[in-house]
Amino acid sequence: MSPTLVEALNDQMNYEFYSSHVYLAMASYCESQNYNGFAKFFLEHAEEEREHGMKIYKYLQDRGEQAIITGFGDPSNEYESVLDACEKALEHEKVVTSRFYNLSDIAESEKEYTTISFLKWFLEEQVEEESLFETVVQKLRRIKDDESALFIYDMHISHDEVE
Ligand SMILES: [Fe+2]
Ligand SMILES: [Fe+2]
């Protein structure tokens, strides 16, 4: 792998850890508002992002490269509502998808077939991730200001919205 590709993989690994932080902050916001179902949903998602980061970590090590751990900016801890947090989660996933497209472009240009194959899993995962948050956002937009409906959705979200 070229230094450019290794750097891009490292960058994405750290971005996955950052994503984990973003969802942890969203979980904390939901919990502070007593939406414990949404908090659990985001906590589970934070775990998943950490696993994504570790997948890239392991890939780098398996290819004889050192995974370089860096920081990213602070995630936002302030949201206007559960809907606002979920809309931002959806936007975040779209950014992640475009990052995997860029990574795939680099791997393609280098004819790095092993990495192209490795990245396929993430591209497919992103389809699931975007679809998941699209669903949540759509349901929340339908619920709007109906507190009772939101109360019920909060009870069911971590059972209903699984990939
Ligand atoms: Fe991810
Ligand atoms: Fe994700």
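Keep in mind that glycine also has a Cβ here, set from the backbone N, Cα and C atoms.
Keep in mind that what you see is a predicted model, and the values were worked out from it rather than measured.
What TrEMBL says about this protein:
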- 1-144: domain 'Ferritin-like diiron' (DOMAIN)
- GLU16, GLU49, HIS52, GLU93, GLN126: Fe cation binding site (BINDING)
Quick check: with GLU16, GLU49, HIS52, GLU93, GLN126 left out, which same-chain residues have Cβ atoms within 8 Å of the centroid of the Fe cation site Cβ atoms? SER19, GLU48, VAL96, PHE122, GLU125, GLU129
So how many other Cβ atoms are close to GLU93 (Fe cation binding site), meaning within 10 Å of its Cβ? 21
Same chain, |i - j| six or more, Cβ under 8 Å of GLU16 (Fe cation binding site); the result in sequence order is GLU49, ARG50, HIS52, GLY53, ILE56
Please average pLDDT over the domain 'Ferritin-like diiron' (1-144) for the predicted structure. 98
Which of these binding-site residues (GLU16, HIS52, GLU93, GLN126) have a C-beta closer than 6 Å to some atom of ligand 2? GLU93
With H, G and I counted as helix, E and B as strand and the rest as coil, say where DSSP puts GLU49 (Fe cation binding site). helix
Neighbouring CB atoms within 10 angstroms of the CB of GLU49 (Fe cation binding site), all protein chains considered, total 22
Looking at Cβ-Cβ distances, which residues of the chain lie under 8 angstroms from GLN126 (Fe cation binding site) while being 6 or more apart from it? GLU93, VAL96, THR97, PHE100
Would you mind splitting the domain 'Ferritin-like diiron' (1-144) into helix, strand and coil residue counts from DSSP? 116 helix, 0 strand, 28 coil
For the binding-site residues GLU49, HIS52, GLN126, which residues place their CB under 6 A from an atom of ligand 1? GLU49, HIS52
